[in-house]
Protein chains: 2
Amino acid sequence: MGYYHILKQAEAVEYARGIEGVFPAGAQLTSREIGDGNLNHVFQISDPASGRGLIVKQALPYVKVVGESVPLTLDRVRIENEALRIQDELCPDLSPKVYAYEQELALLVLEDLSDHIVMRRGLMNRGRYPFFGGLIGSFLARTLFFTSDLAMDLQEKKQRVKAFINPELCNITEDLIFDAPYKKSRMNIFEPHIRDAVERIWADTELHLEVALLRDLFLTKAQALLHGDLHTDNIFIKPDSMKVIDPEFAYYGPMGFDIGTVIANLLLNYSGQEGWSTDAQERIDYRRYLLDTVSDLWTQFELQFRELWNGHAADRMAKTRGYQDLYVARLLQDTIGFAGAKMVCRVHGFIHVADIERIEDAAARERAQRIALQIGTALIKRNRSARSIEELLDIALKASEDESERPSAD
Amino acid sequence: MGYYHILKQAEAVEYARGIEGVFPAGAQLTSREIGDGNLNHVFQISDPASGRGLIVKQALPYVKVVGESVPLTLDRVRIENEALRIQDELCPDLSPKVYAYEQELALLVLEDLSDHIVMRRGLMNRGRYPFFGGLIGSFLARTLFFTSDLAMDLQEKKQRVKAFINPELCNITEDLIFDAPYKKSRMNIFEPHIRDAVERIWADTELHLEVALLRDLFLTKAQALLHGDLHTDNIFIKPDSMKVIDPEFAYYGPMGFDIGTVIANLLLNYSGQEGWSTDAQERIDYRRYLLDTVSDLWTQFELQFRELWNGHAADRMAKTRGYQDLYVARLLQDTIGFAGAKMVCRVHGFIHVADIERIEDAAARERAQRIALQIGTALIKRNRSARSIEELLDIALKASEDESERPSAD
């Protein structure tokens with residue numbers, strides 16, 4: 001089984017059966033393929049009798065985009081495996097267990113999380129997860145702090161930077177998030193009804209400068225081991241648990257990128273509320289819940305990050321008076337900027353989000369897109385001068401109010 | 001000869017003889033050991049008849065400090081070799097040729113530069129090198145620009161970051177430059193007569209914050225391939241030529257660190273002028289020359305860096321309006337901060353500079369030390385608000401004027 005080949009379902013089942021201590025001997029295993037098969041084949045292998053299950057995930061040596069197959073390194077599975085093990089060590093309750101990693105086959109066997117749902121779907125159903133801010137705040141604080149120079153031996157950290165050099169996957173982010181949305185490009189997909197807003201973005205040189213600066217941070221600031229793709233499809237959730245999956249984009253980058261990605265996805269759902277309820281009060285209430293969640297997330301993150309710093313900083317210089325405050329202040333600015341960039345690219349970039357895309361009513365969808373673009377561009381422009389998370393909340397609030405006051409085209 | 005052992009002189013001679021196309025067949029080669037043997041054995045192998053020569057440089061697996069031997073990775077020779085080849089490709093006139101690299105032996109065979117002198121010695125003799133600003137400006141502009149994301153394929157740049165991960169040598173810088181000088185430490189060596197100034201530095205929390213921020217840049221900002229140790233002992237010079245040697249500290253870091261190191265060493269000599277001439281006008285004239293050189297260096301660097309950017313930026317985002325100006329403005333700030341840090345550590349840190357250390361008159365040496373500390377700390381504090389190189393020149397001028405007005409202790 002050693003050399004790379006695309007696993008047939010029966011092979012995946014036998015592979016899963018070989019994992020020790022999961023399935024009873026002679027179990028009648030069932031299997032189904034989940035996921036879209038664009039990047040990976042993912043099999044869910046279950047034993048209905050014992051209720052046990054595993055995920056077998058094999059990376060494909062290409063990514064399918066708009067009908068084409070573009071080669072993509074299998075090394076991303078090594079990265080994902082190593083990142084998952086580090087995240088599991090730091091946040092055992094918030095990460096799926098890794099049962100096996102087979103380099104030659106670009107294969108991971110993972111904990112089955114099918115008792116959870118994809119958080120994006122949860123939000124689209126107006127689910128409320130009051131513990132989410134604390135849990136994701138903790139995940140961010142612990143994974144970012146403990147992989148940074150603040151907590152690590154400085155030489156070990158450099159070896160880790162080396163192990164997580166991830167050029168091909170970073171390149172996807174560099175192109176799709178920090179470049180294509182700001183110019184005419186075949187990578188920009190958007191509906192004609194927002195062409196005026198998109199063209200304003202293409203012409204907005206003040207915005208472009210901020211994006212260039214954020215992109216420079218993404219390219220050069222080796223601050224902590226990032227998840228790298230922390231949107232709400234990669235967060236699994238249920239009332240009493242949250243798990244973060246799929247860190248194949250992991251690399252050493254600016255902490256604010258991960259925090260900003262989570263916030264961006266909450267605000268994309270916020271924008272999408274335009275289309276998910278016809279009841280104005282329900283929209284207002286759920287949006288309030290989402291903004292409270294953003295606020296809670298940042299507050300919990302900051303609290304835990306500072307506690308870790310005060311209790312676990314390995315670096316003597318970390319105790320320098322004023323350093324922590326300035327570090328956190330810059331972290332907030334990066335977070336706000338990256339949150340904005342992540343929003344813009346999900347509206348008229350290459351990969352959209354269901355929270356907005358799946359709105360059936362065209363006028364509501366358009367309003368949602370405009371709100372998201374307004375928030376995204378305002379956050380990008382605000383990033384370097386931002387002083388508090390309240391500014392971000394105000395920007396979001398104003399965008400939804402502006403849109404509700406905008407004269408209808410009808 | 002394959003396995004690592006410390007080469008005897010006769011072996012070094014035979015090794016040099018084996019380099020093709022340098023020495024005539026049957027040449028009577030002479031050899032002498034140059035350098036202090038603390039880190040490397042360096043043999044100069046010459047053929048007096050033809051006037052030809054080579055340098056054979058072998059790294060030792062340790063560094064000798066205060067009588068102790070501390071292990072030090074031989075991987076630094078691989079780094080030096082790769083950095084020299086990149087520098088030679090980018091600046092063929094400003095880099096020594098590499099004739100051979102033998103990994104197992106941690107050995108480099110290099111162009112003999114004995115027709116040049118060490119620049120620090122040149123400055124101590126009040127030598128003037130009117131072309132220096134242009135040449136070092138060009139070296140800095142070309143090596144920093146062409147190894148950055150501005151000019152490189154983004155994926156290749158990441159592979160290069162990986163190849164130049166250099167934990168042990170970076171650690172020396174992190175400790176000796178960005179940590180020890182700011183606390184009581186056995187790594188601080190200074191004369192009792194400046195204890196008051198050193199204690200002020202230990203107590204100056206505003207200064208410590210700026211040093212922590214500069215150190216964070218050194219740890220995380222993977223902006224360009226740095227030389228990493230660009231002081232005036234590593235610059236060889238003669239009236240019509242300049243060569244930069246010894247890039248064993250090379251790694252991906254903030255551009256301003258290299259530029260700041262050159263400037264710091266010019267300003268250390270500036271401070272040392274206190275002890276090298278009893279003629280006040282001569283001191284003033286040479287200091288003026290040194291400040292003009294700093295100004296010229298920055299001007300030439302900026303000019304060439306911007307020209308390269310305008311003509312050779314590979315990255316589309318580099319054309320963003322306002323980006324270049326902001327990038328260069330930040331580069332100046334980093335440069336000023338790192339120049340200050342480099343000055344402080346060379347006065348009361350672990351490794352001092354001859355420009356000050358070798359002043360025989362104790363009172364003049366003390367004045368030189370105080371001037372250097374005043375300039376260094378002022379530059380560190382100014383870094384984030386600096387807008388022009390003139391501010392740096394003013395700080396230097398003021399420090400030497402203040403010292404000349406200080407009431408003598410006699």
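For all residues, glycine too, the Cβ spot is worked out from N, Cα and C.
Because TrEMBL annotations are produced automatically, they should be read as predictions rather than curated entries.
Neighbour count (other Cβ atoms within 10 Å of the Cβ, all protein chains): 19 for A:Leu113 (ATP binding site). According to TrEMBL, the feature ATP binding site maps to A:Asn40, A:Lys57, A:Glu111, A:Asp112, A:Leu113, A:Asp246, A:Pro247, A:Glu248.
Marked as substrate binding site by TrEMBL: A:Asp229. A:Asp229 (substrate binding site) falls within neither a helix nor a strand when secondary structure is assigned with DSSP, and so counts as coil. Long-range Cβ contacts of A:Asp229 (substrate binding site) within its own chain (separation 6+, distance under 8 Å): A:Thr173, A:Asp246, A:Pro247, A:Glu248, A:Phe249, A:Thr261.
Feature annotation from TrEMBL assigns domain 'Aminoglycoside phosphotransferase' to A:32-269.
Feature annotation from TrEMBL assigns transmembrane segment to A:129-147. Note on the transmembrane segment (A:129-147): residues 86-87, 90-91, 94, 119, 122, 157, 160, 223-227, 235, 237, 239-240, 242, 244, 252, 255, 258-259, 262, 293, 295-301, 303-305, 308-309, 312 of its chain, located 6 or more positions outside it, place their CB under 8 angstroms from a CB of the stretch.
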*Got a sec? Which of these binding-site residues, A:Glu111, A:Asp112, A:Asp246, A:Glu248, has the most Cβ atoms within 10 Å?*
A:Glu248
*asked:* DSSP secondary structure for A:Glu111 (ATP binding site), reduced to helix/strand/coil, please.
replied: strand
_Please give the maximum pairwise Cα distance, in Å and rounded to a whole number, for the ATP-binding set A:Asn40, A:Lys57, A:Glu111, A:Asp112, A:Leu113, A:Asp246, A:Pro247, A:Glu248._
18
_binding-site residues compared (A:Asn40, A:Lys57, A:Pro247) - highest count of Cβ atoms within 10 Å_ = A:Pro247
*Could you please provide the mean pLDDT value for the domain 'Aminoglycoside phosphotransferase' (A:32-269)?*
95
